[in-house]
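Copied over from Swiss-Prot, here are the features:
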COMPBIAS  155-165  compositional bias 'Polar residues'
COMPBIAS  166-175  compositional bias 'Basic and acidic residues'
COMPBIAS  183-192  compositional bias 'Low complexity'
COMPBIAS  222-231  compositional bias 'Low complexity'
DOMAIN    4-59  domain 'HTH myb-type 1'
DOMAIN    60-110  domain 'HTH myb-type 2'
REGION    107-231  region 'Disordered'
Amino acid sequence: MSNMPDQRRGPWSAGEDQRLIKLVKDLGPGNWVNVARILGTRTPKQCRERWHQNLKPGLNHGPMTQEEAAIIVREVDLKGPRWADIARKLQGRSDNAVKNYWNGLNNRKKNQLRRQSAPRRVSASDVLRSSPGQLPRAHMQRPIRYPQDIYTGSRRPSSPSSFNDSLHHRVHESIEWFPSRPQQQQQQQQQQARCTTPFTSFYPPSHAFPTTDGYQDGSDGPTGSTLRLLTPPTSRRLAPFSTLPSPTTSSIGDLDEFDRRQLAAFAPPAAYRRPSLPFPQQSSMGYLPSATEYLPTAPSSPIALIQRDEKNHARIPVTSLLCS
């Protein structure tokens, strides 16, 4: 046993085949132990199988004929996979060749059944060449895939009426998100009322705040026609100069020269006067009047202002007027 060569795996080379044929001719086809010992690269079993399956004279390596295929099918149905017995009934066929043919035949049958059971794919050329009544049966019997319903989780509706009802429900629900035009206008009016109510309650329209940062009609100094008067942000208006509180006549004599010049600076010349406008109407936006709606007509002099206003207004010091 120590002289037995190690088993070598893999395909046989051409040199090994030539040496095996020569050794079998010299030693005989039954002395496989000595053949393997002399060959030195294969075991006795490998040498025997190689000779009977591939190198034996008289073996037919061509394709199987129809008569041979029928014999193989009949013998396998009767006896099962007894490849050596089946090979003896065939002239020049080895048991390994019979086994390989049977396995290949089974694989071809399985692939054919798999192709027949699979649905046929219809190409664009087949559709153009055939009429609507001649379409393949597999294409006509393909089930329709409905989109999954997000409400019920099902893909196929139970009936056409239920499908129409669910569609109508989705459309009606989507329309409810968009309010009608009268409802939208009413919501805008309520929102405008909420925005303007706090300012109008705290700041009446007649209240004004004199500033000296700019003047109407592009004037560059205190000699401009009108003093810019600021109101709350919701309604920028120019209040008439006559609405300002009037100083008392007793306080006129207490004014020094500086106060008199300051008071006279607020009286524009008569050339820049403009006629008073009536009470402003609501603008197109509903609550933002134009800045030119209140254009005052100032008196010609501070003395005339005092004489006119002391009859109608409360008497307050002039210093409070200048400080405000």
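The backbone N, Cα and C atoms fix where each Cβ goes, glycine too.
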Arithmetic mean of per-residue pLDDT over the domain 'HTH myb-type 2' (60-110): 89
Residues of the domain 'HTH myb-type 1' (4-59) by DSSP state, where helix covers H, G and I: 34 helix, 0 strand, 22 coil
